[in-house]
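Trainee: Copied straight from TrEMBL:
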| type | residues | note |
| --- | --- | --- |
| TRANSMEM | A:7-29 | transmembrane segment |
| DOMAIN | A:66-256 | domain 'ABC transmembrane type-1' |
| TRANSMEM | A:70-94 | transmembrane segment |
| TRANSMEM | A:101-119 | transmembrane segment |
| TRANSMEM | A:131-151 | transmembrane segment |
| TRANSMEM | A:176-198 | transmembrane segment |
| TRANSMEM | A:235-255 | transmembrane segment |
Amino acid sequence: MNVLRTFLLYALLITCSVVMLFPIVYAFLISFMSGAEVLQGHIWPQEFTTANYVAAFRKVPLLEYLLNSFIVSFLVMLGQLIVSSLAAFAFVFLNFKGRDVLFFLCIATMLIPWEATMIPNFLTVQKLGWLNSYLGLTVPFFALAFGIFLLRQHFKTIPLELYEAAQVSGVSHFRFFWNIVLPLSKTSLITLGIYSFLTTWNMYLWPLLVTNNDRVRTVQIGLKQMQTQEISTEWGVVMAAVIVVILPTLLLLFVGQKHLQKGLMQGAIK
Amino acid sequence: MAKVELVHVCKSYNGKEDVIQDLSVSIEPGEFFVLVGPSGCGKSTILRMIAGLEAITSGELLIGGIKVNGMPPSERNLSMVFQNYALYPHLTVEQNITFGLHTKKISKQEQKKRCLEAAEMLGLTDFLKLKPRQLSGGQRQRVALARAIVTHAPICLMDEPLSNLDAKLRSKMRSEIRQLQRRLGITMIYVTHDQVEAMTMADRMMVLNEGRPQQIGAPLEIYNHPSNIFVASFIGAPPMNLAKAKVLESSLLFNSERVMRLHHHLPSSQQQVIVGVRPEHIRLADTGDEYFIAEVVNVEVLGTETLITFELTKTEHWIARWSGQWNVHVGEQVPLFIDETAFIFFHEDGQRLNHPVSSYVASGEERK
């Protein structure tokens, strides 16, 4: 009975992971195929060719796009970490009137889909003259209700006595925040950092809206560009570019996996 | 040196019920003052009001003669030790001790010097580079104390600092804290629910119940002359024996079952009273004593003393405490004797009855 259960469980898990991984593996394999092979529907390339990779970098300014994506993702990550941690600190440690109402209001913004706010946001960014600039790509994402929520939950696990002890010894709010709260919340901060980096890295619609030249465009738009540049898409080249684009994501995920797990589990069982 | 005075202080969280009601007390410089009471009596709230972590609803708080009601904690020039120590887990012992000193405009060298001084005083010198989680409970407690004394604040507040320690360590830290306070000459305000801590450490103590001060005084004074039945039963282990009785001429009548004859110290006749006797005042009757017989229901031999629970009436049990080891069996009938002067009388509502003769005799005894 127990063996059967284990067998079934593993069979299910393996099936799921195959289904999940197939597109990525297939993309990886296609990136080494010549155009004819792709159309023939081969799964395994007859011979591995790197020509697609060379072509990918030649057709669009992929390196530039990658750099743009890095800058934008990094800035958004930084901005979200700063804004969310400061806001969460206020929601946990400072006592002011209407604090909880404000917090719930803040959480309630998670109910509004991002697409609904897109047009007003675009108009704002346009009026500010931030089109085609890093500002337009990053600033609208600095305030993140989810980030505030995540950090608040973690900050709440810090004993209030620590805050009171700091108050008695006359330590300023900011010093307490910087020297005590942040170091104690490392795992949550890393979780949030990875989360926001990845989300921004994968963003497509907004960068498309606020950019119309190559200067600050991000890599996801570059990929789309490749698909439609010519009459018939060269899938090998596109897939080569895709692999290049997901590499940093995968790397970050592997490095941060431990922290991510720890962070998302926190507060779940206490 | 600073005097701490509370003048008609009240505290209310919801604006309706007072958690602390009309509290007035003045704590002298250099005094070890203990706030003691059962959990939920408001003793921690009082401490937190003195610290400035809790606002005072009405009344005045004076430190060193200056009104400090609205002053933030850091400007009150005091230090505080928390129940769970409140150590910063990611900082070393040394960083924990010196964290916050920079706000007092103390140079790095002076910080270092003070830290070493405090560490030496508390035997922490070898642990300065360790993190709190590498320390035992007692050592963590010492770090918390060290953090309080490096500030050189004249007032130190402690909120049940020993409640997380085991019994043996607790009694050791009790005397250490007391010695430290004497050596530094600081004013100590100490909160505890443990009456043993209060009795052994305090210069003066205040017994609290449900937000109201019950009695303020030196430990022995409170032990010997409790002002009401709450204090009588809270202070002392085992607590004072209490029982309702009726005064009939020169006798006490317990539940119409047992009569005790008294000769002098009686409240006026025909009165319902509550009679209190400390367990150590109930002894085995000698020949010639006016004894009464009671049945033993439980015996606890503790080595240095023996606690004998006996039946005063069918529904009430009293405890006698005899020093030494006694071979008494459950079910045995023993002759007991209580000295008349040991009786303390309370009004039915719990307040101590003014009984000048008895109190005169008691204070005379003290002088002996």
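Every residue gets a Cβ built from N, Cα and C, even glycine.
Because TrEMBL annotations are produced automatically, they should be read as predictions rather than curated entries.
Please situate the listed features within the shown structure.
Mentor: Here the transmembrane segment (A:70-94) has Cβ contacts under 8 Å with residues 102-103, 106, 134, 137-139, 141-144, 147-152, 154-156, 158, 163, 173, 176-177, 181-182, 185, 189, 192-193, 196-198, 200-201, 207, 216, 218, 248 of the same chain, all six or more residues outside its ends.
Distant neighbours of the transmembrane segment (A:101-119): 87, 91, 145-146, 148-149, 152, 205-206, 209; these residues of the same chain sit at least 6 beyond its ends, with a Cβ under 8 Å from one of its Cβ atoms.
Outside the transmembrane segment (A:235-255) by six or more residues, the chain places 24, 27-28, 30-35, 37-38, 51-53, 55-56, 59-60, 62, 66, 69-70, 194, 197-198, 201-202, 219-220, 222-223, 226-227 with a CB less than 8 A from a CB of the stretch.
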